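Feature list (source: TrEMBL):
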type	residues	note
ACT_SITE	C372	active site, nucleophile
BINDING	C241, A242, A243, P244, G245, G246, K247, D265, D292, D322	S-adenosyl-L-methionine binding site
DOMAIN	140-415	domain 'SAM-dependent MTase RsmB/NOP-type'
Amino acid sequence: MPIFPKISLRPEVENYLKENFMNEEVLAVSSKQDAQEKLEALLNHLSHPPSFTSVRVNTHLASVQHVKSLLVDELKKLNGLIVPVLQHPDLQDVLLIPVIGPRKNIKRQQCEAIVGAQCGSAVLRGAHVYIPGIMSASKFMKAGDVISVYSDIKGKCKKGAKEFDGTKVFLGNGISELSRKEIFSGLPEMKGIGIRMTEPIYLSPSFDNVLPSYLFLQNLPSVVVTHVLNPQPGEKILDLCAAPGGKTTHIATLMHDQGEVIALDKISNKIEKIKQNASLFGLNSIKAYCFDGTKALKLDMIENTEGAPPFLPESFDRILLDAPCSGMGQRPNMACTWTLKEVTSYQPLQRKLFSVAVQLLKPGGVLVYSTCTITLAENEEQVAWALTTFPCLQLQPQVRVISFYSLCNLMNHRK
């Protein structure tokens, strides 16, 4: 039985998902009960962290085996434990650290702190509790106290409250770095660690500033996307919606930093982060621009932008469209407070970006479309729409299919 409840959704959103996952096409090949059980299993999994923390190795600067050795030593230094570090059986540039949990015998303390849902999700992935994420703390909490930390999954707790009786989920215990008075002093410089987690429900190492030039903390599906794109040295590649830049740096790395990688995002500070990551990883082939991807197609031949956006049609060998989406596939996520209107609002934008991407792609080029959501409207329906709208496109099989069983076999082999 799951230790957390399934992801909390508004009734209209849950009904929308049920209608999607039990439509005529699904029920033609599966019983209604099977389809419903699969949806329930998915919603339960979403509220829990993945079984492994995945980090991508910057193979541009070092070999996987060298970085693996460094990481084992680093984790031992940070945690005082020998943490297993495994190389992914299919994705050779990925290292996996098993997540231990859920641990059910942690004693709950009288002193409590309530954190926001986003902070709670970070704690489940190995983070400590930072001051901005603390919503409530017991009135008698002092620095050095052992604190039980809970997540306010429905966003009902008021900032600075002394107690909270709403829906909350236990995340584990930690030691307070500050008193309640200091945490809620209102001083803008209060941004560091507020509670250092010592007994989390899920034990997963924190990767804050761990081997920053060699490792990138990245969810496994995000790594798979770039391998599916399969960039080659010397090509010109566009990452149309690039922030935060994990896939951008991965593209350049797989190309051995030979060629040109164009990264676009319309938020300037995100572009600066991409540039910082490229510099940190020693990658020179990346050019990042603050630019709206929906306007990336040059409509006239007059203006000379000298390599900057917008671009002429058929400019790129490969294009990655990791589109803005409802994000409902992110884990762990115990609650989504979005309305149905918000959840379904992304399809028009995705289609605008898709149209631009198709026109920017060279004949015979490769376009990979990806999201981090579970709705059919943003995934399968978009692909079906694109194939109908653009006859020049042909659907290709995804070569990289990651099986959970390969990870289980890896763990069994290790034992």
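Cβ from N, Cα, C; glycine included.
Nobody curates TrEMBL annotations by hand; they come from automatic prediction.
Here the structure is a predicted model, which means the values were calculated and not measured.
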Pairwise CA distances across C241, A242, A243, P244, G245, G246, K247, D265, D292, D322 (listed as binding S-adenosyl-L-methionine) top out, in Å, at 19
Quick note, G245 (S-adenosyl-L-methionine binding site) and the residue listed as 'active site, nucleophile': C-alpha atoms separated, nearest Å, by 15
Quick note, K247 (S-adenosyl-L-methionine binding site) and C372 (active site, nucleophile): C-alpha atoms separated, nearest Å, by 13
Whole-number Å distance separating the Cα atoms of D292 (S-adenosyl-L-methionine binding site) and the residue listed as 'active site, nucleophile' is 20
If you measure between the CA atoms of the residue listed as 'active site, nucleophile' and C241 (S-adenosyl-L-methionine binding site) and round to the nearest Å, you get 13
Filtered by Cβ under 8 Å and at least 6 apart in sequence, the residues in the chain of C241 (S-adenosyl-L-methionine binding site) near it are L264, D265, G293, L321, D322, A323, P324, L353
Here the mean pLDDT of the domain 'SAM-dependent MTase RsmB/NOP-type' (140-415) is 91
